[in-house]
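Student: Encoded as structure tokens, here's the structure I'll be asking about.
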Ligand code: XMP
């Protein structure tokens with residue numbers, strides 16, 4: 001049994017980062033909504049509790065309180081931003097609305113020699129006060145300490161920027177230690193989790209493989225599992241993990257919709273069927289997909305068609321497998337590569353409002369329709385943990401650290417109507433771009449430009465432009481290169497790729513891919529543009 005930290009989410013944009021930092025300290029933690037029941041908190045049996053920030057204010061939000069059990073359990077509690085304010089409000093202090101919002105960089109002075117901040121500082125003032133460089137984002141602030149608390153930190157505009165009741169193990173900070181702009185944030189969270197809460201740092205990927213394998217064996221017993229393999233990181237790691245656990249009891253279904261990258265289908269088969277000796281059924285459905293997409297140019301309509309056909313094809317294969325094939329009695333489980341951020345996003349929908357900008361491709365609802373039980377072995381893991389797990393399972397580094405690829409594939413990278421001719425040109429141009437990103441290294445960091453970008457790809461524009469080649473005039477298609485840097489894919493900057501790299505890529509595409517005579521570079525950030533063009 002791992003020691004666990006409970007993170008209560010009051011709706012901040014950065015709550016997930018708290019969990020990331022705690023897990024980086026090798027301590028297991030989970031995020032749950034702030035309004036879980038007292039019984040839930042007691043049963044969770046946390047070693048400590050962290051209260052997140054919020055977009056709300058303590059006045060507006062009467063229901064945004066920590067459950068009473070948080071204060072009754074006798075475990076350390078850390079309040080962050082709104083978490084500090086609710087701690088003050090619930091324990092007898094006072095909170096007031098600030099006249100101005102404080103947002104961004106601040107320097108905080110430490111007071112009172114608390115265990116949380118002892119020895120943690122960025123610099124000292126001439127008078128010898130320890131100072132922290134932090135990131136603040138708040139309107140309200142605590143104006144009176146609750147009984148039993150002492151001052152732990154202050155800034156000129158926020159006199160109570162941190163408070164502590166060391167006897168009870170309660171600490172709170174108005175700034176955000178979970179963001180990287182707070183230089184000592186990681187040290188502070190580690191101090192809280194490891195020293196103050198005394199949690200064991202036993203969340204280690206090596207052990208996780210063994211635990212996860214044991215859990216899958218227990219859950220599945222001698223039954224059979226089917227899994228939709230897309231070639232993406234999550235489904236690949238899930239497949240490798242489940243295969244490690246139950247071998248032949250797993251069947252992977254790989255639906256090739258004809259909108260994959262160059263040689264991608266063969267690579268997936270080579271890895272799973274070839275190297276891992278997993279049972280993989282490859283369904284070549286490219287004609288079906290391209291047929292249904294003919295004449296359709298609206299982006300949302302294209303997505304819906306691809307999503308629907310994908311589910312249909314998968315369902316048909318799953319139904320066959322459910323009935324059982326030679327030597328197999330039939331699947332009772334459907335495995336999915338759901339990861340922790342997916343779980344939080346669907347569970348935390350109550351406090352978060354999201355508009356659908358693009359309808360994303362997913363297979364929700366499938367297990368019920370198929371009458372299958374769900375197996376989701378990556379549900380507890382963040383993306384980088386999934387990658388670490390993939391490497392621990394022996395998947396190739398290049399596969400595990402691949403840029404994300406959208407479910408509808410090249411279908412959303414060919415603008416307007418999708419045609420096989422366009423997909424074939426795009427595949428070749430894109431492969432050249434990716435190959436050169438992997439070849440070019442940034443001298444300062446020693447990293448390749450593939451690793452320095454979060455996502456990079458080529459977009460096919462169905463317009464023709466004039467060019468000259470040799471002595472002749474050409475009239476051919478245009479492609480756009482897209483490369484972005486982002487940490488969360490919600491916002492993104494276009495990458496400042498070296499001109500030498502762009503030059504090499506454009507030269508190679510125009511020379512090697514007959515049918516394309518012009519290459520452009522997309523210099524739009526998100527927002528207002530999105531990462532994909534459709
Ligand atoms: P946008 O274009 O919305 O993309 O800025 C953000 C991230 O999401 C990916 N994306 C998708 N992934 N199905 C997916 O599985 C989709 O329909 C889809 N649309 C966009 C995109 O590649 C980027 O990483």
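All positions are counted from 1 along the displayed chain.
Glycine too: its Cβ is placed from the backbone N, Cα and C atoms.
Whatever TrEMBL says is automated annotation, not expert-curated.
Taken from TrEMBL, the feature active site, nucleophile applies to 81. What TrEMBL records for 176, 178 is active site. Residues or ranges marked as ATP binding site in TrEMBL: 230, 231, 232, 233, 234, 235, 236. Annotation source TrEMBL lists domain 'GMPS ATP-PPase' at 203-402.
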Student: What does the structure give for the C-alpha distance between residue 235 (ATP binding site) and residue 176 (active site)? Integer Å is fine.
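Tutor: Just about 33 Å between their Cα atoms.
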Student: These are the binding-site residues: 231, 232. Which one scores highest on other Cβ atoms within 10 Å?
Tutor: 231
Student: Looking at the recorded positions 81, 231, 233, 234, 236, which ones sit with their CA no more than 10 Å from the CA of residue 176 (active site)?
Tutor: 81
Student: Could you measure between residue 234 (ATP binding site) and residue 178 (active site) for me? Cα positions, answer in whole angstrom.
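Tutor: Residue 178 (active site) has its Cα 25 Å from the Cα of residue 234 (ATP binding site).
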Student: Out of 81, 233, which of the recorded positions is least crowded by other Cβ atoms within 10 Å?
Tutor: 233
Student: Would you list the other residues of this chain near ATP - those whose C-beta lies within 8 angstroms of the C-beta centroid of 230, 231, 232, 233, 234, 235, 236 - in sequence order?
Tutor: 229, 237, 238, 337
Student: For residue 178 (active site), which of the recorded positions 81, 230, 231, 233, 236 has the nearest Cα in space?
Tutor: 81
Student: Using the alpha carbons only, what distance in Å do you get between residue 232 (ATP binding site) and the residue listed as 'active site, nucleophile' once rounded?
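Tutor: About 37 Å separate the Cα atoms of these two residues.
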Student: Three-state secondary structure of residue 178 (active site) from DSSP?
Tutor: coil
Student: So for residue 236 (ATP binding site), how many other CB atoms are inside 10 Å of its CB?
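Tutor: Excluding its own Cβ, residue 236 (ATP binding site) sees 26 Cβ atoms within 10 Å.
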Student: So how many other Cβ atoms are close to residue 235 (ATP binding site), meaning within 10 Å of its Cβ?
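Tutor: Counting Cβ neighbours of residue 235 (ATP binding site) within 10 Å gives 21.
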